[in-house]
Each structure stands twice: as structure tokens, then as C-alpha cells.
């Protein structure tokens, strides 16, 4: 299973992909059935059953990739086995930055590049780190699903041009817009699928919110009630614009 696909800066038809616990370079034209894979690193060798989950590049092109514990069934994950890793072009490898994570998710950076927003899905909280382009510190909670009576769990996340977070709510049939500076719930978008997995802005003006959902693990009765589970939704006419997703800088790998 492919966990993420991110373009590589300055290269045509090359992407960083997550496969299991390995980070690889995919060379593919996006059309043909021919492709090449090049292994560049792997993580969590000491955690049998783990796999990669969400990953993104920061504004400088540094790859951040998180893992999750073994999943015995959809949404049932072995706790505190995952980690968050970041890439170093000096070392040409990933290093572990956060440990004791159940499901690593929801990476987003503030416009001033001083804050990294992050979530361990199982906690039902969104956290922020101080960020200097290399290290993260001073972790603290900026939004708590339980305190704000938001159903579900925080999954994928993106940020708009006003530094508001847009958070997919797995199990909550919604996406929420949050001002993390005030811990304020600003907007709720309800969707016809329960397991909302991720969000990103796109379109020529970055004013369309694309939302992915999950079908895996739903029984026949659940699928009957939500036939659009597993679909990707496009939401237009929102009073917000997103930011461009960053490509990965891999100048140490030829």
C-alpha cells in the first residue's frame, strides 16, 4: 500500500513515496504502466507491524514522515508504537524526532515558518511545536476535540492563507476549520461519509478544498447508509484560499 506521494523539487516525473516502512523514489510519467523504484531509507526497524502514514515537505523542502502502530482492524491501532521522522540532506537519511505516537498525522506549517502543527490521531488533540527549520520544541495543545464537542478523530490536515487549520475528522463525517491561535472552531463542513481522511486546497486559485474519505472497514449496513464512502469530494466557494503544497528537496540523492 502506498502511503504518500510527493513531487521532488527540480525533477520531472520523480516522486518520494512511502511503501510500508520504506521511503523510495518513484520515477513514473503518470500515464504508462512502467515505473522504477529506488530505496533511499526505511524507518521503525524496531517496531514490527508499523507502517508509514502521513508525510509532507516543509516550506524549505524537508521531508517529514510519520508512522503508526500495527492496525488489527480499521481504526484499531497498537498504541504508542509510531514516530515522526525528518529528512536531512547532510546525513542523507531520516531521523526520529517524536516517539510514543499511535497514529502520526496532520502536518502543517504556519506562514512565518515558526510553527509546526501536528496530531497523534488517538489523542483527539491538535498540537503545535515551535519550529526553526531544523528542530521542533515546546509541544503544546492548540485544539482539543473533546473540549469542543467535535465527533471523531483528527486525521489529515492543511492550512489556509490566514493560518487557519482545516482538519479531516475520521469517524465524524466532517471537516472543521480551526483558528489554532485562539483554539477556536470557526466552521464545520458536513460530508456524506463517516471516515474523512485528509484535506488539501487545489484549483487555479487554491480555493477548492479536496477531501478524501475511506471505505475500508465499513460493513454492508454502513455502506448502504453512506454509498459515497471512499469518494474524493471537492468543496467550492469557501471564504478561504489554501497554500501550495511543497515539493521535497532531495539534493543528496542522485
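Placement of Cβ uses the backbone N, Cα and C atoms for every residue, glycine included.
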Site co-member for substrate according to TrEMBL, given 51, 53, out of 36, 71:
71
Listed recorded positions are 51, 71, 155; which of them have CA atoms within 10 A of the CA of residue 105 (divalent metal cation binding site)?
155
Using DSSP, would you call residue 53 (substrate binding site) helix, strand or coil?
strand
Across all protein chains in the structure, which of the recorded positions 71, 155 has the highest Cβ count within 10 Å?
155
Validating a neighbour-count step here. Other CB atoms within 10 A of the CB of residue 105 (divalent metal cation binding site): how many?
28
Just name the most isolated of the binding-site residues 51, 53, going by other Cβ atoms within 10 Å of its Cβ.
51
